[in-house]
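Student: Structure below; questions to follow.
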Amino acid sequence: MTFYLFGIRSFPKLWKSPYLGLGPGHSYVSLFLADRCGIRNQQRLFSLKTMSPQNTKATNLIAKARYLRKDEGSNKQVYSVPHFFLAGAAKERSQMNSQTEDHALAPVRNTIQLPTQPLNSEEWDKLKEDLKENTGKTSFESWIISQMAGCHSSIDVAKSLLAWVAAKNNGIVSYDLLVKYLYLCVFHMQTSEVIDVFEIMKARYKTLEPRGYSLLIRGLIHSDRWREALLLLEDIKKVITPSKKNYNDCIQGALLHQDVNTAWNLYQELLGHDIVPMLETLKAFFDFGKDIKDDNYSNKLLDILSYLRNNQLYPGESFAHSIKTWFESVPGKQWKGQFTTVRKSGQCSGCGKTIESIQLSPEEYECLKGKIMRDVIDGGDQYRKTTPQELKRFENFIKSRPPFDVVIDGLNVAKMFPKVRESQLLLNVVSQLAKRNLRLLVLGRKHMLRRSSQWSRDEMEEVQKQASCFFADDISEDDPFLLYATLHSGNHCRFITRDLMRDHKACLPDAKTQRLFFKWQQGHQLAIVNRFPGSKLTFQRILSYDTVVQTTGDSWHIPYDEDLVERCSCEVPTKWLCLHQKT
């Protein structure tokens with residue numbers, strides 16, 4: 001798609017360029033919103049550099065605690081293993097298990113630098129020729145504007161590019177160029193430029209694509225015409241449900257311009273669509289609230305904290321600071337906040353109060369058990385690789401035995417340490433647990449009973465002496481069997497597997513049930529700590545407390561994510577905001 005470009009009155013540096021001699025006029029364009037506009041799959045022998053240094057994000061660092069201890073009578077240096085469910089553990093396990101590989105860098109034949117100042121026609125011609133010689137690219141205009149957008153080049157440089165293109169194409173500028181120019185306008189918060197393009201688009205088009213609306217909304221909220229962004233939001237609703245970014249922009253705009261009622265109405269509308277709001281949206285309400293002395297507003301902020309709890313959401317570090325600032329600004333309440341941690345015992349290191357237990361109540365357990373049995377196990381999909389006959393055989397097997405204390409995913413456990421024979425490792429785990437007089441169930445596959453380099457028949461016979469065993473067909477899924485056996489045995493039963501059960505959690509029907517499942521998982525899944533060959537296996541302690549936003553009325557405890565710690569969805573933060581009222 002192309003457009004005839006006759007100029008825009010707000011582009012004086014473009015259309016009145018001394019290099020190009022173009023006069024004033026009008027142009028029309030459709031817009032889209034993108035997080036970045038870089039071009040992938042560049043030629044190997046070509047690299048891009050800007051003439052000015054680029055800002056880079058801080059490298060995510062995770063502190064690795066190391067300590068010395070005596071292990072079973074021998075002096076060994078042991079690396080502390082992060083708890084299975086604590087933030088950063090998955091990344092650290094990945095780093096510990098990965099092998100470093102050297103990757104040779106492709107040779108760079110030539111480099112082309114992005115301009116940092118407007119170029120004239122001859123300079124753009126030369127840059128285009130240089131690119132063609134180095135890479136063979138013929139789509140110079142599209143490529144260079146993508147790189148400029150990705151590197152957030154200046155508006156004036158982008159204008160000179162558009163002017164050069166217009167001069168060489170009888171006033172025609174492609175859609176792609178205009179789109180990425182507008183992206184730069186929004187990024188650099190050039191509101192007047194966005195407004196002028198908006199006026200032209202209103203005159204030219206009856207409707208826009210959703211991404212175009214999104215870019216206009218983001219560009220307009222900082223202007224005195226921000227309410228027109230709300231009209232664009234209504235236009236989006238005629239086609240699709242607006243995104244959480246659309247709502248975030250409109251809410252931020254409303255708060256920026258002191259329209260609190262509109263902001264809360266948009267927030268309720270967002271929740272009504274079952275959209276999880278951006279954390280920066282929630283943070284904006286707290287930032288705005290420190291200047292408002294209104295009980296109704298305060299109650300709504302407390303509702304946001306309840307929403308975080310019910311949906312197991314964790315604020316970032318900056319958001320946590322905003323929450324602390326708001327609490328301490330509430331007149332007459334004398335709230336005092338501090339950033340702290342929770343001890344292994346479940347006590348807050350700051351105030352000494354006990355954090356909620358990780359164990360489910362009997363009512364919660366029965367509710368979760370029923371929904372897992374119905375939605376995860378009896379739903380059918382989880383057993384698509386299991387025959388009805390085998391499923392029936394397993395159910396009869398479980399019902400014919402007393403409840404188990406520990407259910408072991410045999411194949412998963414056996415493969416935890418690659419340098420150890422699989423049957424030997426499984427026997428080691430079973431033997432240590434059997435010494436504690438625990439009733440054990442090992443779930444495995446039939447191939448584990450066949451003699452091989454990894455599976456000793458003698459060791460597997462010993463496993464069967466110390467534990468009940470069920471060996472499914474080799475194509476069967478293990479996890480549903482493990483869930484069924486553990487839940488059927490009762491709330492006391494634990495299970496061992498490295499699997500984080502993400503798929504099964506996703507099968508559950510609502511956020512509340514998913515939260516109960518994750519809480520149950522944290523309180524019942526045992527993890528084996530890595531160790532040296534020949535040393536005794538160590539089972540990692542189960543967290544005693546529930547990492548979730550919680551209150552006792554005169555105190556709040558809010559877990560939050562540190563800025564420099566990567567946390568996957570199956571992990572929980574280690575840092576807490578402790579808030580309590582002074583007495």
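For all residues, glycine too, the Cβ spot is worked out from N, Cα and C.
From Swiss-Prot, for reference:
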- 1-45: transit peptide (TRANSIT)
- 342-578: domain 'PRORP' (DOMAIN)
- Asp409, Asp478: Mg(2+) 1 binding site (BINDING)
- Asp479, Asp499: Mg(2+) 2 binding site (BINDING)
Student: Counting Cβ atoms within 10 Å across all protein chains shown, which of the binding-site residues Asp409, Asp499 comes out on top?
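Tutor: It comes out as Asp409.
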Student: Same-chain residues six or more away whose CB lies under 8 A from the CB of Asp478 (Mg(2+) 1 binding site)?
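Tutor: The list for Asp478 (Mg(2+) 1 binding site) reads Asp409, Leu411, Asn412, Leu443, Arg445, Ala472, Thr497, given in order along the sequence.
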Student: What is the total of other Cβ atoms whose distance to the Cβ of Asp479 (Mg(2+) 2 binding site) is within 10 Å?
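Tutor: Its Cβ has 19 other Cβ atoms within 10 Å.
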Student: Pop the mean pLDDT for the domain 'PRORP' (342-578) in here, whole number is fine.
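Tutor: Mean per-residue confidence for the domain 'PRORP' (342-578): 88 out of 100.
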Student: State the three-class DSSP label for Asp499 (Mg(2+) 2 binding site), counting H, G and I as helix, E and B as strand, and everything else as coil.
Tutor: coil
